[in-house]
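Everything on this sheet refers to the single structure shown next.
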Amino acid sequence: MSKKLNTSVGGTPTNTLLNYFSKSPAFDKKKLTPSVKTDPDASKSEKENLQNQQPKVKDGKKEASKPAAKRKLPISDDEPASGQRKRKRIVQPESDSEPEMEVTKSEDDFSDCASDYEPDENEASDDSVSSGAEEVSPSENDMSVDSPTPKKSRKKSKILNNNNNNEPSSKKVKLESTIQLAEGATFQEKLKNLQSNAKQDASYDDIVTNTSNLDEPVVWPHQKLEFLQPDKIKDKEGRRPDHPDYDKSTLHVPEKFLNGLSPGVRQWWVLKSDNYDCVLFFKVGKFYELYHMDADVGVNELGFTYMRGEFAHSGFPEISFDKMSTILVDRGFKVARVEQTETPDMMTERCKRIKATKFDKVVAREICQITNRGTQVFGSQCKIGPNHQPNYMLAIVEKDEGTCSRYGVCFIDTSIGDFHLGEFEDDKNCSRLLTLVSHHMPVLFLNEKSALSQRTQQIVRTVLGGILKEPVPGNGKHACSAEKTLKLLAERYYAGPGSDDNWPLVLRTMQSDMDHLGLTPNDNYKLALKALGQCIFFIHKCKLEPKVLPMARYQLYVPPDQLADAKPAVASTLRRSHMVLDATTLSNLRIIGEEHSLLSTLDHCCTKFGKRLLHHWLCAPSCDVSVIKERQDAIGELIRMPTELQEVRALLAPMPDFERNLAQIHLFGNKQIKQMDHPDSRAILFEEKLYNKQKLQGFMAVLKGFNDLTKLPTMFHQCKTTLLKRITQLPESGGSFPDLSKELQYFATAFDHDAAAKTGVIAPQAGMDAEYDAAMDSIGEVEKRLKTYLVEQERHFGCRITYFGSDKKRYQLDVPESHASKANKSYTLEGQTKGKKPSRRYTTAETRALLKDMQHAEDTRNMVLKDLARRLFEKFSNHYDQWKQCIDCVANLDVLGSLAEYAGQQMVICVPELVSDADQPFIQLEEGYHPCANASTYIPNGLELGTASEAPLSLLTGPNMGGKSTLMREVGLLVIMAQIGAHIPAASCRLSLVDRIFTRLGAQDDILAGHSTFLVELNETSLILKHATCHSLVLLDELGRGTATYDGTAIAASVVNFLANLKCRTLFSTHYHNLIDFFHNDKRITLGHMACMVENEDNADPTQETVTFLYKYTAGACPKSYGFNAAKLAGMPQGIIKRAYELSKKVEAIALQRKITAKIVAATAGNEDTKKEKINALKDLLKQLKMCQV
C-alpha cells in the first residue's frame, strides 16, 4: 500500500519549525532524519513493507533490509511500567528511495485539535503507548484560521524504530539509562541531570543521533535556548535562583521569543512559564504531547521515543493518562494535565466576538489538574490504585518561643477528603511533632520560607528529607492567615441562612465565641487555621479546590500525650484514652512498616480500609479496659467459629476501597465543579464515552459491594459477644450496622444496570429523578393534547388526518386533497403532495404552540438526561453518613478477623488479663514469644515486674548477643498487642495498663542533625525522665556506652536511681557490672540476666572458651559479658584476642585493688565499739588484696 509520510512533528511543517526556532541565536540547524511511521490499522504486510523501506548501513554502504520484527511497545498492559527500562533505539539513516514526504502547509505547529471525532470501540480500550500518536482526529493544521472547518480526518502513523538485530554490532548504540533521580529532587534538578547527561555522554539512552554521524548526539533546541541556561535562568518576575524570593515553579520567557512563535507553540510556552516545575501533558486532539524538556522526561522515565522533527517531542494517547501520570508521580514529578476546552467551531465564534490577533486563533487549552504524590484525586481518568496507605499533605506553622515552639498543623489526604487540624505546645526536642510525622508520615510538605526555627528545619531536613516539598507564600496578597482562611470558607462553603449550623464542629471550635459570623479565629487555634489556609492555597493552585473542599471531613488532631486535656465536645471522634507511642518507640520496636514489623505480622486484613484501621490501632493502643475486653471477646468468638470467619473473609476479599470510592463518587456528583467554572467542566475528552462506562461500572461495583455486605447481619445472627453484635447487627437487633436496604433498592431499580454498563448512558426508570419525571409528564401531557387536537381536526375535516414532519417541522396536519377545501384562513399551507393520494399539509396556531411546548419539554428532558449520571452520584453521596458507618463497621470486623487469623496460626496463644485499678503497676509474663519471630526456633521467656516478689525495675545483664535487646522488644510488642485487644503468643499474661512506652535501644548517631551517638542516647533518655509516669513501660538498652566508662557508669547509675524511685516498669540492660555492685542490695531493683553455658571458662587462652547462649531470662546477675567470645565469633585474629585478654586481666586487677583499698580505708574509720568487727573485715580484705596479681 502506497502512503505518503508527513515529515512534520504533529503535522507541523519542518520549514515552519526551522523558522521559529532559528530566531533563537543559539539555534543550530541540524538535520534530523525522521523515522518511519506505520498506520496502526494497516495490515502486517503493509507495516513490513514500510519497515523494509528503511535501509541498513554496513561499512558505509547501504544494503537490503530484512523485514524487522514487530516492534514491542515500550510499555504495555502486561508489563509493569516500573520494571526494567527498555533500551531505546536510535533513528537510522534512510535511503534515497524512501517514500515521498508530504508537508502540510499550516501556521500552527501543534496538530490534532478537537473535532467531530468518533473513536472506534476497539480504540477506546487501547492502552498502548507510541512515541507520539497512533491515530488522531483532524489536526489544528486542518482547522487553521483560513479554514476553520475541519478537513477529512487523516491517520497519524506510529513511529517504528528500525533497529534490526542483523545489523552489525559496531553500528548499534547502547542506550541504557544511567540517570538516578533522588525522590524529592526538584524538577529543575531532574531536568538539569537530563540535560547535562545529554551533553556529556554520547551513549546517553534518550538522545536521537545525527544521521550523518551516529556518535554525535543531537542537542535539542531547548537545550541551547539562552534563557534556559543555568547562568541566565530567571523566574517569571525576573529573579535569579540566588534571590531569596526566587520562585522555582515559574520561568521567565522573553516576550521577543514568544512573539516569534506560532500560536500553538506560544500557548505551550506560556503555560510552561507559569508551571515550570511541572511536566505538561499537553492535549492535542486525542493525544497528550510532551514537548522540549518534558519530552526528555517522557523518553527517560516513560520509555517513549522521540518523534521526528527539529525539537524534542514525544507523547501517548489519552486513554493512557492514568498509567503515565502514575509512573511520573510515583517518581517524584508533578504532572499538569492540559486539556482542550473548546472546539474549532467555538474558537471561530470566539474570534468573531473579539478583535482577534494571530495568537488568539488557536483552540483554548487550560490546566485542569496538577498532580503530585500529595494531591492525588481519583477522577474519571484516574483509577483507584492498589496502595492502601494514605498520602498526606502536611503544613506546619510555627511560633518560636525560644527554647520551645508552638505548632499549628494541618495534614490532609486528598484521596479521601480527611482534614486533620491541631495546635499544640512542644518541647525543645520537638517530641510531639516527631510523633505526628511518625504516625502520619506525609508525602508532601508545604513550607513557608524562613518561617521555621532551626530545630524545626532540622526535622524537615532529616525526618522529612526524602519527601516532596512545596513553598507557600509567606507575604504578599497570597499569604495565608487565620482570618483569610475563615473568610474564604465562609464565602464559598458555609455562608447563608443558619450559617452557624453549616460550619463543621471542629471549625466552629476554632472560631471566637464573640463573633457570630465565624470570621474571627480563636487565639488558641490561629496557627492551625493558618496551616489549613496553606493547604487550601496549594489545593487551589493545583486546581483541586472544588474537587476536595466540598467533601472535606474535619477532625481535631490532639497529640497522644495531650488527649486528657481535650474537650469532650471536640474530641468525640477520638477514643477516651490511648497509649502514647512516640517516633522513637515506633522506630525502635519496628511497630509499623512494610516488612518485618508488628504491623506486617498482624496484617491479615482483606480490605484496604481495614488495613488503615489496623495501622491506627497499632499507633494508638487503647487504655480503656472495657474497649480492650470487647475486642478480646470478639476475637475469641471468631476463633471459635472458623467456618464463619473464612466465609466472611472470602466475602470481604473482593471489596473495593470503599473510602476512596465514596470520595470518587462524591467528585463525580459534585455540581460545584461547574458552578465554580472549573476547567474540567469545559474539557473535551475524546474517550468520554469510555470514561462514562468506567464511572458507571465502578459505581455498580460499589453498589454490589454494599449489597454483599448486607449479608453480614444474617451471617452473624447467632453471635454472642457485644462488639460483634454491634458491628454486624442492624439497629433493631441492638447493633450499629446501618440498614441500607431502602437506599440499595432505590439504586437497583433506578436504571437498567446492564444497559448502563454497556453504553455508559443511564436509561432512568420512573421515580428515579423528580425533574426527569416532571419532564416526561410534560411530554406526555403535550402528546395527549396533540391527540385531542387531532380528533378535533378529524371532525372538522370529516376524514382521517395524520401528523407529518420531523424535528422543527413536526405536527403538520396532513389533509387529503378532497377535504382540503374546509381549511380556512387559520390554516397555513406548508406543502402539498401529488400522486394517487394527493394531500395538503397545514399548520395552525395550535400546532405551532404544541410544537413549542413539546420542544421545551424535550429540551428539559435532554438537559436532565445529560446531567442524570451526576445527579445519581450526588444522590448516593447524600447518604454519605450511612455508607461511612457501614464501612467503619466492616473495617472493625476486618481487623478483628485479621487478629483472629494471626492467633489461629500461633502454637501458643493466650488472652491477656488487663487490670485498670492495680495498687502498683505490674506485669507478669509467662513463656512469651516475640510476635515477629519464628516460634519454632524462638526460646520463650517470662518475667515479672512490680509484683509482690519482684521490684518494678530489672537491671538486666548477660553476655553479648545473649538476647537482652530481643527480650526488651518482645515485652514492648506484647504489651502493645495486649492493649489493642489481640491475643498474644504467650502461655499467660497479666498486667496493669501502660500509658506510654519509652525506648532507648540500639546505638546510632544522627549525622544530618549533627548529633553524636551519645547525644542521641541522652536526648532520648531526657525525654523519658521528663515524661515517664509510674504507669509507663521503660526499655533502656546499655545507656552510657557512648562515652567514657566512668562517665557512662555514673549517668547510668543516676538514671537507674531516678526510675527506681518513680516505680515505673523498667528493663535496664547494661554491661557496666559496677552498677550491679552498687544496686545489688537495693530492694527497689530486681537483678536479672540472660542465661548462658560456658565451657573452658578458667582457661588462660580465651579462644578456647565456648559460650552457649540459652536466651532465657533468669534471676540474678551475670558475672561478666563474655566479650572475647563475641570477638571470636566475629572472626578477629586469635593473637589480638589473647593480647586483649591479658590487658583485661590487668585492668580488672587494678580496679579490684582500688575497690579493696577504698573499703580498707572505710573500715578503719569509726568508733571503738565496732573495732573488733572492722579488724576482722580488714583481715579478709587484705587476703583479697594479696590475691590480686598486677
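Heads up, the Cβ atoms here are built off N, Cα and C, so glycines get one too.
Taken from Swiss-Prot, the feature ATP binding site applies to Gly958, Pro959, Asn960, Met961, Gly962, Gly963, Lys964, Ser965. As annotated by Swiss-Prot, compositional bias 'Polar residues' applies to 1-22, 138-147. Positions annotated as compositional bias 'Basic and acidic residues' by Swiss-Prot: 38-49, 56-65. The compositional bias 'Acidic residues' annotation in Swiss-Prot covers 109-126. Annotation source Swiss-Prot lists compositional bias 'Low complexity' at 159-168. Residues annotated as phosphothreonine in Swiss-Prot: Thr7, Thr12, Thr14, Thr16, Thr33. Summarising the annotation, Swiss-Prot assigns phosphoserine to Ser8, Ser22, Ser24, Ser95, Ser97. The region 'Disordered' annotation in Swiss-Prot covers 1-174, 230-249, 824-843.
Compute the center of the Cβ atoms of Gly958, Pro959, Asn960, Met961, Gly962, Gly963, Lys964, Ser965, which mark the site for ATP; besides them, the chain residues with Cβ within 8 Å of that center are Met1090, Phe1109. DSSP assigns Ser965 (ATP binding site) to a helical segment in the three-state reduction. DSSP states for the region 'Disordered' (824-843), grouped as helix (H, G, I), strand (E, B) and coil, give 0 helix, 11 strand, 9 coil.
Across the region 'Disordered' (230-249), DSSP classifies residues as 0 helix, 0 strand, 20 coil. Of all Cβ atoms in the protein chains displayed, 25 besides its own lie within 10 Å of the Cβ of Gly962 (ATP binding site). Most Cβ neighbours within 10 Å among the binding-site residues Gly958, Pro959, Gly963: this distinction goes to Gly958. All protein chains shown were included, and the count of other CB atoms within 10 Å of the CB of Lys964 (ATP binding site) stands at 25.
With a 10 A radius on its CB, Met961 (ATP binding site) counts 19 other CB atoms from all the protein chains.
Within 10 Å of the C-beta of Ser965 (ATP binding site) we count 19 further C-beta atoms, all protein chains included.
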